[in-house]
Amino acid sequence: MDPETSTTPEMNFSILGSAAPVLAPRVGKLAIPGRQAISTPHFVPLTTRGAVSHIAHDVVRKETAINSLFIGLEDFIEKKHPAPLYKTPVAPGESPLRRFICAPDDMPMILAPRRFPSIPCPPTNTETSVAILTSVGFRQLTAHQYVEAIQKLQPDIAIGLADIVTAKPPGTRRREKMVDRTHAFTRDALEQLYGSSVAEGKTSKAAYFAPVLPLENAQQLLYLEDLENEFREHLSGLALYESTSLSFIPENIGHLPRLLLSEPVTPHEILREVSLGADLMTIPLIGACSDAGIALDFVFPAPASTQERGEPQPLGIDLWPSKHAKDTSPFKKGCECYACRHHHRAYLNHLLAAKEMTAWVLLQLHNHHIMDQFFAGIRDSIQQGTFDEDVYAFNRAYDSELPSQSGEGPRFVFLSLPSYLCPSNKGTIRLRGHYIAPRQGTNHPKRMQKVYGRLDDLSEKFNESQSSVATPDTDAEGLERHGFAEKV
Amino acid sequence: MSTTAEPARKAMPSALTFDRHAKCSTTKARASTLKLPHGDVPLPIFMPVATQAALKGLTYDQLRDTGCMLCLNNTYHLGLKPGQEVLDAVGGAHKLQGWDRNLLTDSGGFQMVSLLKLAKVTEEGVRFLSPHDGSPMLLTPEHSISLQNSIGSDIIMQLDDVIATTSPDHARIKEAMERSVRWLDRCIDEHKYPERQNLFCIIQGGLDLELRKQCCEEMVARDTPGIAIGGLSGGEAKEEFCKVVDTCTDILPEHKPRYVMGVGYPEDIIVAVALGADMFDCVWPTRTARFGDAIVSSGTLKLRNRQFADDFSPIEEGCTCTCCRSKEEGGLGVTRAFIYHITAKETVGAHLLTIHNVHYLLNLMKNVRQAIMEDRYPALIRQFFSNIYQGDKSKYPEWAVGALRGVGMDLLADE
């Protein structure tokens, strides 16, 4: 892993080949001063509270090719403002965020108001703020606070604030409001960060990615016009919430990098989004597969050996089933990730059954590696001019969906939530951190109800005791087979 | 003893060498090197516990980075998952977990008796009802050794008759001690690979020093490659604990490693080293890390406390672990504030603190060994206690003062 560090004075995005084709895949390079350059199309690794889930910082550095971090400001907001993050002592010009989350100096950091995927908040957004979910409950993040965060925290890229309605499809009026508010958020932020009123030398160095709303072209025309004209000089990129938006990006901002905040659930969907011209993408699928015990297993372009099999191959391997118990082959043959170089399926199968955290560490390392390779293959294919054929062949060579999950996810459940906040009404949720989907429909919980900050010691201790006080989950014959004891 | 009628004993080969380098001129502390099939282990040593063949989210490269040469797996857990058949198929626990340094396994008896309430110990072995279907089952010394042979650990432990040291039933304690000796013979007989796995006996006898002495004599006669002192992590008073260790080490041969099982906290280890013990294990450093507790020279920091929310110092100033070293020193530059922010909310928080805590204990042992080599262990002990109690000698625990006095060192005296 030999990252190339950019030395240009400000963020620079260069598209290889034809200038800015519309609705076509493209290869580019995003260079941020002092940071690793990112070849696009690429994915942006997601973080929880500033850390890549399950992968400790030293392992990120030594054993992954992770070259950017997507960070949600809401993960850092506490009851009192300013939160501790802002008080991080730094050298002049250094980012407190970088120091706080212990990110390497050359790691590009992308700051968004909310983490991704974000959980719908029952409180609604307002004219001046958006609703967020913090570890101390629902809060409002004002546009002003967010601009201040960009100024103080100095991310490399800042995703602009947008009025997004997540709970249900917005009506006509609400859609108008979304546009008006987002328009205003963008105008104000650009003015405050880079405008003429900002003292010389004080303009923000963060590259601003303006949101494009998940609405039809016609509904946000005025806003898009301003993006391509009035706001143009301060824009460094665009943040899109759905791939449809790629079809109506105004021509003279077509050369800006496009970060697509979508949730593709298969590699086929990723390819589709790339084919429409996405440059950077968020892929929660990686973490979801790791949590589910699934090791991704696909290559782009599909190798001839895979295509020749005659039937679609699985996109991943579910490592829960006991058929892997004695299998000392790597997750994926020939894979060069840390997990495949050092471990085998039998170990992963054991770790999953034993509910050991190391299982998710190894799966994350593998799945991030597979996705790295996948995107490298995509870039090559586009440059070779064979992307369309390769996609066609890939779609035929592999199953259309990932294998379904047969085991449980991580046992790292920290919060016991009231049942009304849980999608399944089971009283707890499986996601780490504190993200839960509020129940749809009426009967919403009271706003700002205090359900967080009450880390459930008991459930954690219980989990702990389960690991150290394992009780056999097999019968007498099983124990005998395991050489554990004999029946008498 | 019931074992006196035993016929000639099976010769006990050893798959280790024990080189003693130095002995403290004041206390009974020793510095040595234990050469095991998977590498040399500097003694005295702390062994992290990877219960189910994984060290709580750490990769084995991260564990290697802390300098660890020997860690534990639990036979009880590996017997349940993945089980003997898988262990045999895979080729043992080293290959299962991708760890090329040394492993030690316990016998599984401790967990069996403490976890399965209906367990009953008979001469044959531990009888219990299968928790799943209620069938009566029997775990014998032969089962335990066979399983540990399949695991392939470098040090294996005999199955012993474990009872709480706090048990008031003296007859039962005596019976347990004597039975442990008889079971040791069965373990020796069953042990298939003495040339590559070192069987350690376990001294029993509760808090009765006479029983302990008898047990030592009986077991030393069996000439196992190493010796463990068992039954001491059950909540007995620290004074009693120290007396037992002190009594045993007086009798045990100088040329064999001594392992005090399930101990412990840094204070316990520092004192037990002075009493002549070499090896220790405890789940506490790794378990406590998951709850946000950092082990530092002044004691334990509960980093989930609000007071650390904006404390931007490293977990411990001057610590050389990967987390605490600053970015400028090639480390991660993890601060207390970041641990507060992430602990118990994301597994990475547990990983980071586990690295620190394991490093703390291994580094402590490294310093201990160095001090013994340079014959200044008493000074290290003084500094250690002074750090924890901020130099206030009135707060020093009496058990520690007493135990150290017993080996010729006055902890309260000014150097």
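Glycine is treated like the rest: Cβ placed from N, Cα and C.
TrEMBL annotates B:CYS319, B:CYS321, B:CYS324 as Zn(2+)-binding residues; of B:HIS191, B:HIS255, B:HIS356, the candidate listed for that same site is B:HIS356.
Per TrEMBL, the range carrying the annotation region 'RNA binding' out of B:91-95, B:106-110, B:246-250, B:286-290 is B:286-290. Looking up the ranges B:17-23, B:262-268, B:311-317 in TrEMBL, the one annotated as region 'RNA binding' turns out to be B:262-268. The candidate list B:GLY231, B:GLY234, B:GLY235 contains one residue that TrEMBL assigns to the substrate site with B:ASP106, B:SER107, B:GLY108, B:GLY109, B:PHE110, B:ASP160, B:GLN204, namely B:GLY231. Of all the Cβ atoms in the protein chains shown, 23 others lie within 10 Å of the Cβ of B:CYS321 (Zn(2+) binding site). Report note: the Zn(2+) site is defined by B:CYS319, B:CYS321, B:CYS324, B:HIS356, and the residues of the same chain whose CB lies within 8 Å of the CB centroid of those residues, excluding them, are B:PRO314, B:ILE315, B:GLU316, B:THR320, B:THR322, B:CYS323, B:ARG325, B:GLY331, B:VAL334, B:ILE355, B:HIS359, B:TYR360. Cα to Cα, B:ASP106 (active site, proton acceptor) and B:GLY231 (substrate binding site) are separated by 12 Å. There are 29 other Cβ atoms within 10 Å of the Cβ belonging to B:SER107 (substrate binding site). Listed in sequence order, the residues of the same chain lying 6 or more apart from B:ASP281 (active site, nucleophile) and placing their CB within less than 8 Å of its CB are B:PHE46, B:MET47, B:PRO48, B:VAL49, B:LEU72, B:LEU104, B:TYR259, B:MET261, B:GLY262, B:VAL263. Around B:HIS356 (Zn(2+) binding site), taking its Cβ as the centre, 25 other Cβ atoms fall within 10 Å, counting all chains. Comparing C-alpha positions, B:GLN204 (substrate binding site) sits nearest to B:HIS356 among the binding-site residues B:CYS319, B:CYS321, B:CYS324, B:HIS356. When the binding-site residues B:CYS321, B:CYS324, B:HIS356 are ranked by how far their Cα is from the Cα of B:ASP160 (substrate binding site), B:HIS356 comes first. Taken together, the residues of the region 'RNA binding' (B:286-290) have an average pLDDT of 93. If you compare Cα positions, B:PHE110 (substrate binding site) sits closest to B:CYS321 out of the binding-site residues B:CYS319, B:CYS321, B:CYS324.
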